[in-house]
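S.K.: Pasting in a structure now, in C-alpha cells, and then I'll have a few things to ask.
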Amino acid sequence: MGLLTILKKMKQKEREMRLLMLGLDNAGKTTILKKFNGEDVSTISPTLGFNIKTLDHRGFKLNIWDVGGQKSLRSYWRNYFESTDGLVWVVDSADRLRLEDCKQELSALLLEERLAGATLLVFANKQDLPGALSKEAIREALALDEIKSHHWCIIGCSAVTGENLLTGVDWLLDDIAARIFTSD
Amino acid sequence: MDVMADVSHENTLAADSGAARVQERMQKRNQARIESVERRREAKESQSVAEENYEFFSSTFNREREGIEELLSGCSGADRATAAQNLEEATVRTAQLQKFLSDSTLFLKQYDLRKAQAALQTLQTSLTETREEALPKKKFAFRARTKGADRACAPAADTPPPSAVSPAEPGSTQTDGASEQCGFSNLSEQLLIKTSEEVQKRDVLLTHLTNCKVRLFGSPSTLHLKHIQGCEILCGPVSSSVFVDRCTDSTLAVPCQQLRTHNTTDTRVYLHVTSRAIIEDCRGVSFAPFSWSYPTLEEDFAVSGLDQTRNNWSQVDDFNWLAAGTPSPNWTVIPEEERRTSWDP
Ligand SMILES: Nc1nc2c(ncn2[C@@H]2O[C@H](COP(=O)(O)OP(=O)(O)O)[C@@H](O)[C@H]2O)c(=O)[nH]1
Ligand SMILES: [Mg+2]
C-alpha cells in the first residue's frame, strides 16, 4: 500500500481536507480566511510566515494554510505543498500592474509535482473596488483556459463584503470530495 | 462588476432569497466560529505562560526533528512495509511539527522563525527524497487520481458550480475596469489634485511621476504608488492598504490600514497605520507620525473606518532583516526636530 493510499484512508475516516491559500502579497488571502472564519478583518497585518486555521464546514474538517506572499517568502511556499487537496489562488483584481507576475507565479506553481492532484480555486478578489477587472478578464490574463492539469474554477469575490466566499469554498469542497471520498 | 452581474439574473426573487439564505448561513456559521475562537482563546490563556518561551520551543522542536530524521534514516535498507510505515509516521509528525511552529509564531523572533522554517524545509526535502528512494512512484494511488483528473479536467464553464457563478450573461453591466482607473501617470513638475468626490471609495493609482506635488483629498479604498521620483504625495485616510513600489527621494503622508513598501529608497513617510507597516528590499526609508491636515480630514477618517486613536507608525517589519535583537538598518525614525509640521496646499 502506497503512502498516499494510507493518507487517503486516514482522511476518509476524518473527512479532513487540506487547503493551501497562495497568491501575491496584498491579494487578500488573510482577509478571506478571517472573514470566512467570522473574525475581525480590520486589524490584519501583512503576514509574516503563515497562519493556519482549522474549521468545520459542511461536516468537513478544513485545515487552511495561509502563507505570506512577499517576494522573500515565496521560496518557502514549497514547504507547504505536501498532501494539499485544494489550492486557493487569490488575485487582487484591481492590481493590473502585477497581473503578469501573478500569472507567472501561478503557472510555476501548477508545474509542482506535489500539487498535481489538487483542485484549483481562483478567487478574483476585491470585486468591490470600482477599478477591479472582471473575473473573465482575470481568467484571460492568467490564461486559465490553458490549464489542463488541474480541475479549476474562477470566482469573483470580495473579502471585505464577504460576497461569494462561500460559493467558492463550496465549489472547492464539492470537487475535492468527489475525488477523495467517493472514488476508490 | 461580477458580484452584481451574478444576482441580476432574470429571477430576482429567487436570487434575493438565495442571497438571504447564504447571508443567514454565513451569520450562523460566523456566530459558531466566534464562539469556538473564544473557547480556544480561553484554553490557550489557561496554559502555562512558561511554555511560551524560546527554550521550550527550541528543545521541543529539535527533539521532534531528530525523531523524524531517525525515522527517515531507518528507511534505507528496510523492507517496503517498514519503510512505508516509517514514511507515514514521518509525514504526520512533520505536519504536526509545522503546526507547532505555526502556533509558536506569536512569541518567536523573526530570526528564530526563519531558522525553524528553514529546518522544516530541509526536513520536507529529505522526506521527499527518502520516499522517492524507498517507494518508487508507480505504487502511488496518486497516479490513478491524476489520470482521472486529466480526463475530467475542464474549464469552469463545463463543470458549472452553483448557479451564482454561471458565466456573466450578455448585456449585463460588465466593466473591464479600465475606464474606471483613478489616478495620475507619466507626469513631471506639476501640482496634481483630486477632490473628495473623485477619490472616495476608489482604488487610486499613481505611476511614473517625477518631481510632482500630489494632493488627494478624500478617502480612497486603496492606493498604489509605482515608479515615483522626487515627489511629495499627501493623501487622506485609505480604508485598506497602501502599496508602494520603486519610490525614491520622496515624501509621503497617509493614514491607512496597512502599508506595504517595496524597492524604495530615501523616502520619508508620515504615517498613520492601524495594523502594520512592512518594508521589503528598501533602504533609507524613515518614518514619523502623520501630520498633514485639511478641512475634511475628520469626516474622511470616519468614511475610511480607520481607528484614529490607533497608530503603529513606528512598528515597521523589514522582511529582509533576519537578525533578532538588532534593529533593521534599512529604516529609521525621523528625529522630532526634523519632522515636517506644516504643509503648503
Ligand atoms: N477593497 C477591498 N480590500 C481588500 C479585499 N480583500 C483584502 N483587502 C485589503 O487588502 C489588503 C491586503 O489584505 P491581506 O489579507 O493582508 O492580503 P494578503 O497579503 O494576501 O494576506 C488589506 O488592507 C485588506 O483590507 C477586498 O475584497 N476588497
Ligand atoms: Mg496575509
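Cβ from N, Cα, C; glycine included.
Annotation comment: TrEMBL describes A:Gly23, A:Leu24, A:Asp25, A:Asn26, A:Ala27, A:Gly28, A:Lys29, A:Thr30, A:Gly69, A:Asn125, A:Lys126, A:Gln127, A:Asp128 as GTP binding site. The annotation Mg(2+) binding site is assigned in TrEMBL to A:Thr30, A:Thr47.
Looking at the shown structure, what environment does each listed feature sit in?
M.R.: Following the DSSP three-state reduction, the secondary structure of A:Gly23 (GTP binding site) is coil.
A coil conformation is recorded for A:Thr47 (Mg(2+) binding site) in the three-state DSSP classification, outside any helix or strand.
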S.K.: Among the binding-site residues A:Asp25, A:Thr47, A:Gly69, which ones place their CB within a distance below 8 Å of a chain B CB?
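M.R.: Cβ contacts with B, in sequence order: A:Asp25.
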S.K.: Near A:Gly69 (GTP binding site), which residues of its chain come within a Cβ-Cβ distance under 8 Å, counting only those 6 or more away in sequence?
M.R.: A:Leu22, A:Gly23, A:Leu24, A:Asp25, A:Asn26, A:Ala27, A:Lys29, A:Thr47
S.K.: How big is the gap, in Å, between the Cα of A:Thr30 (Mg(2+) binding site) and that of A:Asp128 (GTP binding site), rounded to a whole number?
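M.R.: That comes out at 17 Å between the alpha carbons.
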S.K.: Once the chains shown are all counted, how many other Cβ atoms turn up within 10 Å of the Cβ of A:Asp25 (GTP binding site)?
M.R.: 23
S.K.: If you skip the near sequence neighbours and keep only those at least six away, which residues in the chain come within under 8 angstroms of A:Asp128 (GTP binding site), Cβ to Cβ?
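M.R.: Set apart from A:Asp128 (GTP binding site) by at least 6 residues yet with Cβ under 8 Å, we have A:Ser158, A:Val160, A:Thr161, A:Glu163.
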S.K.: For A:Gly69 (GTP binding site), what is the secondary structure by DSSP, using just helix, strand and coil?
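M.R.: Where A:Gly69 (GTP binding site) sits, the three-state DSSP reduction gives coil.
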